Amino acid sequence: MTDLTATPAPAEPAASAYDPTAKQKAQAKTARIPIKIVPIEKLKKPEWIRVKAATGSSRFNEIKTILREHNLHTVCEEASCPNIGECFGKGTATFMIMGDKCTRRCPFCDVGHGRPDPLDADEPKNLARTIAALKLKYVVITSVDRDDLRDGGAGHFVECIREVREQSPATRIEILTPDFRGRLDRALAILNAAPPDVMNHNLETVPRLYKEARPGSDYAHSLKLLKDFKALHPDVATKSGLMVGLGETTDEILQVMRDLRAHDVDMLTIGQYLQPSEHHLPVREYVHPDTFKMYEEEAYKMGFTHAAVGAMVRSSYHADLQAHGAGVV
């Protein structure tokens, strides 16, 4: 006789507890920000968006191996940069210090969020050894946001700069910093001990989109960081970068460019925003090459010493060539 007794459904697994020390990516990261990401119909990539796939070239594999051996991170990997294949293949990388967990949750960015680990005291020496081993003549050093540190990580930047210059005195150093919000004066005073060859801090987008795209950041504060650094170090080139395609207007981008020049910023990058995953902010427009060309022309009219503008341009993409064009190297 058939047993018609219903079998109880298995109990739903309990929701896993939030672990602030875990590295959160994609949905786990963006689910906890106050701004809800509303999906829109995905735009078809136009023909001018072409990414060179990461390859297994010997140079590509050599860099990845050396990075792992020295327990180092690159923003190329952590932020899923579309140019990683080209850059690694040519022996260049943007080093990301102070760990791989950011204290911010910017929904355009693919770097993981979480409670950061303690600073690695060996990282400056490991970084310098890696740069020397790779015989790099120009390096970019960036970091996650470290709102947990009293100096925002400025002291660690200084230690890295000192170690690189000790082991590779001919190497030019660009730093791409967080905003040091709430600790700007302290951070700038610390950076006085070892200023870089190029000081880069990205505005990322227009002020109207800050609440959506850069929660925890402030447009006016970022401009002040750049201007205050330049006032302290007039001979050091300053630089900033923007993404387009998030819903900004052309006039808004041009106004940001004017704001940058009014705050004594020398160099500019503008590139197309590409959505890292469906859980990140959507692409609202693929900006036409003609518009990028217009931005470039306007940048030089405004007095920027160098402007790298184009769909696949990123803040540190061909940074050595950008610096050379601006007369830094």
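Residue numbers in this text run from 1 along the chain shown.
Here the Cβ of each residue, glycine as well, is placed from N, Cα and C on the backbone.
Values in this document were obtained by computation on a predicted structure and should not be read as measured data.
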Candidate ranges 1-23, 93-115, 139-161 [criterion: Swiss-Prot lists as region 'Disordered']: 1-23
Cβ neighbours of C102 ([4Fe-4S] cluster 2 binding site) where a neighbour is any other Cβ within 10 Å: 25
Rounded Cα separation (Å) that holds between S316 ([4Fe-4S] cluster 1 binding site) and C109 ([4Fe-4S] cluster 2 binding site): 15
Spatial neighbours of C106 ([4Fe-4S] cluster 2 binding site) that are distant in sequence (at least 6 apart) but have CB under 8 A: E204, A213, R214, P215, G216, S217
Residue among the binding-site residues C109, S316 whose Cβ has the most other Cβ atoms within 10 Å: S316
DSSP three-state assignment for C102 ([4Fe-4S] cluster 2 binding site): strand
